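Taking it in order: structure first as C-alpha cells, then the write-up.
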Amino acid sequence: MFLFLPFLLLLLCLVTSDTVTNEEVQKTCPVMACIPPGMNGFPGKDGRDGAKGEKGEPGQGLRGLQGPPGKLGPAGPPGPPGSKGAVGKKGDPGTCPECDTSRAIFERAALKAELESLKKMLLFSVTKKVGKKFFWNSGETRNFDSAKALCAQFQASMATPLNTEENQAIRSLAKDSAFLGITDKENEGQFVDMAGRRVTYRNWNKGEHNNADSGEHCVQMLLDGTWNDVTCSSSFLAVCKFPA
Ligand SMILES: [Ca+2]
Ligand SMILES: [Ca+2]
C-alpha cells in the first residue's frame with residue numbers, strides 16, 4: 001500500500017508533464033496539495049500469536065446424574081437382645097393317661113414312710129441318741145487314723161463325750177474298748193478334740209493318763225467307761241458322731 005501511493009503520484013506527474021513543465025509545476029502547485037488523497041489499501045496479513053495468557057478460574061460444571069446403587073456391604077454385628085416380652089396366658093392342662101400323678105404321689109408317700117420306719121429301726125439298733133447327737137459304732141476294730149477316716153467318710157467325726165450322759169451313751173453302744181476323738185499329739189498332756197478344742201470333760205481311769213513309754217497320744221474308752229491314753233496304732237472300735 002505504501003509503495004502504491006508514490007507510484008500513483010509519479011503517474012499523475014507524467015500525465016501532466018505534457019502540458020506543464022516541471023518548473024512550472026513547482027512554482028504553481030505544491031505536489032501534496034495537488035494530489036488528491038489516496039484510497040485505503042488492503043488489510044495486511046494477520047500478526048503472530050501473542051503470549052499465552054494466565055490460567056483462568058475453574059468453571060462450575062453441571063451436576064451429573066446419580067449413579068447406580070453400590071454392592072451390598074457385609075452383615076453388621078448382632079444387635080443387643082430385645083426386652084423381655086409379656087407373660088403369656090396359662091395354657092390348658094394337657095391329658096396324659098400314662099401320667100397318673102395322684103398314683104405317683106401316693107406311691108412316693110408310701111416309700112417315704114417306709115424309709116423313715118427303716119431309718120428309725122436302724123438308728124435305734126446301732127446308734128444312741130443324746131440330745132441333738134447320734135453316736136454310731138462301726139462294729140469292727142481299727143487304728144486311730146483309720147477310725148478317723150471312717151467317720152469322715154460319712155461326713156461325721158469321732159465321738160468326743162462332753163458330759164457324763166454322752167460318755168454313758170458311747171459306753172453302752174460299744175461292746176468293747178473304743179477310740180474317742182481325743183488326742184495330745186500336738187502338745188503332750190494337752191488333750192484336744194478333733195477340732196483342736198481343749199476338752200473340759202474328762203473321765204480318766206485311775207493312774208491315767210500316764211503317756212506310757214512316752215508314746216501314748218490317743219484315748220481309749222475302757223469297758224467301765226473310764227479313759228486311758230494309748231498308742232494311736234492300737235486297734236479298737238470306732239465310734240462316730242452325727243448331728244441329729
Ligand atoms: Ca501322750
Ligand atoms: Ca496310758
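Cβ coordinates are placed from backbone N, Cα and C, and glycine is handled just like the others.
Residues or ranges marked as signal peptide in TrEMBL: 1-17.
Here TrEMBL flags 40-95 as region 'Disordered'.
Annotated compositional bias 'Basic and acidic residues' per TrEMBL: 45-57, in sequence order.
Marked as compositional bias 'Low complexity' by TrEMBL: 65-74.
Residues or ranges marked as domain 'C-type lectin' by TrEMBL: 130-241. For the domain 'C-type lectin' (130-241), the DSSP-based tally of helix, strand and coil residues reads 23 helix, 36 strand, 53 coil.
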Segment-level pLDDT (mean, integer) for the domain 'C-type lectin' (130-241): 95
Residue counts (helix, strand, coil, in that order) that DSSP gives for the region 'Disordered' (40-95): 0 helix, 0 strand, 56 coil
